Amino acid sequence: TLALGWAIATILALQTVAATKCTPRTLHHKARVFEDLSAQELKAVRNFLWSHKELRLEPSRTPTMAKNSVFLIEMLLPKKQHVLKFLDKGGRPPAREARAVIFFGAQEHPNITEFAVGPLPWPYYMRELPPKPGHQATWASRPISSAEYALLGHALKEATKPLHQFFLDTTGFSYQDCHSRCLTFTDVAPRGLASGERRSWFILQLFVEGYFLHPTGLELLLDHRSTNAQNWTVERVWYNGKFYRSPEELARKYEDGEVDVVVLEDPSPKGKSEKSTEEPPLFSSYKPRGDFPTPINVTGPRLVQPQGPRYRLEGNTVLYGGWSFSFRLRSSSGLQVLNVHFGCERVAYEVSVQEAVALYGGHTPAGMQTKYIDVGWGLGSVTHELAPGIDCPDTATFLDALHYYDADDPVRYPRALCVFEMPTGVPLRRHFNSNFSGGFNFYAGLQGQVLVLRTTSTVYNYDYIWDFIFYPNGVMEAKMHATGYVHATFYTPEGLRHGTRLHTHLLGNMHTHLVHYRVDLDVAGTKNSFQTLQMKLENITNPWSPRHQLVQPTLEQTSYHRERQAAFRFRQPLPKYLLFASPRENRWGHKRSYRLQIHSMADQVLPLGWQEEQAITWARAGRFPGPQSHLVSLLRRYPLAVTKYRESEVCSSSIYNQNDPWDPPVVFEEFLKNNENIENEDLVAWVTVGFLHIPHSEDIPNTATPGNSVGFLLRPFNFFDEDPSLASRDPVIVWPRDGGPNYVQRWIPEEEGDCLMPDPFSYNGTYRPV
Ligand SMILES: [Cu+2]
């Protein structure tokens, strides 16, 4: 019987091999085509650029705008067809190239030029990456550099000198010789009202812990368009509901007693000083205060993986059960997963974050002006350190990132990314099979485990947490959690029309968050079609009782032929089943498909009138829909658009859209304009998710993640012949046995692993050039 057992085991093993036999996974060395640039490569590109003396490059921190400097270097992804040819058919890898953005400010007509530099690691050529015809990035559209911020800080300090006494009297803080009681600022964007302008509203704040929540009541408009900071001028001042022409005018009127003054409460509450030497915390602080009825004074549960991780990291490639994918972290626009396989097949070539915007309303000029388009604030580069046990489980694998963004060297961001497997706390599948007489025929369950790839972007006050989640049953999820400090302005009673009073002098401004994703699905090959399934009610005569009518649901399938047809508007209900179908069929004769399931609250927050008005303005004005960017209006319009893959349409936004939303180099609308055929083509889905955020008192000190996450799922729909999580060895089946203990059947031994204590908590917090 032992021999027979072996024979059966061998046959079973062979069958298993046959069932999962497929072309070998993309080896790590092949996935290098997706890898971000190494420190050596970034330096090689920088040195190559600097060796071109005719570029007359200067360091990024040289305190002037009238200089030529390298702003950004990141990996330039080769063309998809070249990558696929290399991955699937072999041969030489496509040339490895960098994208380099140079600001040419040291000339009469400054400009921004982008170059491809290659081949890496030893570059010897550079070629201009030409903008799309008619879409040159304007000089004014460039992101603000740290050198410009230093000059702006200086300009504000100079300009507000006449207000020194005013600030001391009204806030107790100042800009001059201020030590621990200094002012700081938040600038908002867009910076003006028309293309070419660069004039920003600044909110002056007390520089204390959580300064975003401590406006002084003064806002100021500064024109900083000139490359010579000497020419920068304050154009307007707003204080407590009134406009003034200049700081001088406000100072004079204040001295004359003509200003309606609000003397701020001291931000540090006095009081308990007898009990403790420590000052009571600010309302904007994380320090605990108050008590729960059931106090907790011990640490909480944490993850352990006694037998080590069940995923494998090979460079920038993750292997986990049925899944394999590569990833990169673009300094410009953030996290991107590539070459996503389940089983033996590619299901997506790319799923990536494209943009995050937040559109505000307010009564103060800064509040009403704010429309943040975060790629313009380095969305992909502000990936600060993740804390083990808080930002990711202790068991996570942490990875550093390198960014060459507004710097003269690559900067290492430690622990910028994490990868971990975690229990979801809910079974993936389970069933209790009752015998309906006090017992059971069997119980079976498959624990819910997922693999998560995570990074964050701290865009000044706000923190986005970006997750890509992989389930054992072929489902992939993209999710954004919002947290951090709210963008807030000075409280005035009129402000209540646009938000909530959050503290004595603080208004939390209402806003809409929208996030744009690119989803380049390749469902059983690159040739896919887009179709939707809906329910249609049918009224028929009951065939077994002709006197009765019967209403029953039927399937209604819609095929989409053209891009414009598959551009869904927010006001129309989105069909529930959005399917990307291969012409190939599964075993049961259905088209092998993946379903896009969108989890968003954005459709509830975009009122009809707004969009109608936009559309009318657009029609009337021709190219530009009023003071909004194309991107913003498009994101507002379409929760989903499906386009045919085009190499010129790989990003829906750019680092330039924020500061010139009126004439940006990337106009998403144009992706749809040519209205191409989308039947049996390489398709890309553009997904907008978002939510309306009306701040409330519990947003103090920070917006919390529960309820503030949006995203989408990619779910197999007749893609497999059965649930592919059947390949998991995690199930447990319990069989009752007559007169004995239940038989517990499992495929992974219940091993007693060491319950390892994680490393002690550590956090470095620095990000330094390498
Ligand atoms: Cu918000």
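Start at 1 and count along the chain as shown; that gives each residue its number.
Placement of Cβ uses the backbone N, Cα and C atoms for every residue, glycine included.
Automated prediction, rather than curation, is the source of TrEMBL annotations.
The feature signal peptide is assigned by TrEMBL to 1-19.
Here TrEMBL flags 40-126 as domain 'Copper amine oxidase N2-terminal'.
Annotated domain 'Copper amine oxidase N3-terminal' per TrEMBL: 142-242, in sequence order.
According to TrEMBL, the feature region 'Disordered' maps to 265-286.
The feature compositional bias 'Basic and acidic residues' is assigned by TrEMBL to 267-278.
Here TrEMBL flags 302-726 as domain 'Copper amine oxidase catalytic'.
Summarising the annotation, TrEMBL assigns active site, proton acceptor to D374. The Cβ of D374 (active site, proton acceptor) has 26 neighbouring Cβ atoms from other residues within 10 Å, across all protein chains displayed.
Sequence-distant neighbours of Y462 (active site, schiff-base intermediate with substrate): residues of the same chain at least 6 apart with a C-beta under 8 Å from its C-beta are A358, A482, T483, G484, Y485, V486, H487, T703. The feature active site, schiff-base intermediate with substrate is assigned by TrEMBL to Y462.
Look at Y462 (active site, schiff-base intermediate with substrate): DSSP puts it in a strand. The 2',4',5'-topaquinone annotation in TrEMBL covers Y462.
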* **Secondary structure composition of the domain 'Copper amine oxidase N2-terminal' (40-126) [DSSP: H/G/I, E/B, coil]** => 25 helix, 28 strand, 34 coil
* Structure fact -> The correct DSSP tally for the domain 'Copper amine oxidase N3-terminal' (142-242) reads 31 helix, 32 strand, 38 coil
* **DSSP-derived class (H/G/I helix, E/B strand, else coil) of D374 (active site, proton acceptor)** => helix
* Quick one: average pLDDT across the domain 'Copper amine oxidase catalytic' (302-726), no decimals. => 90
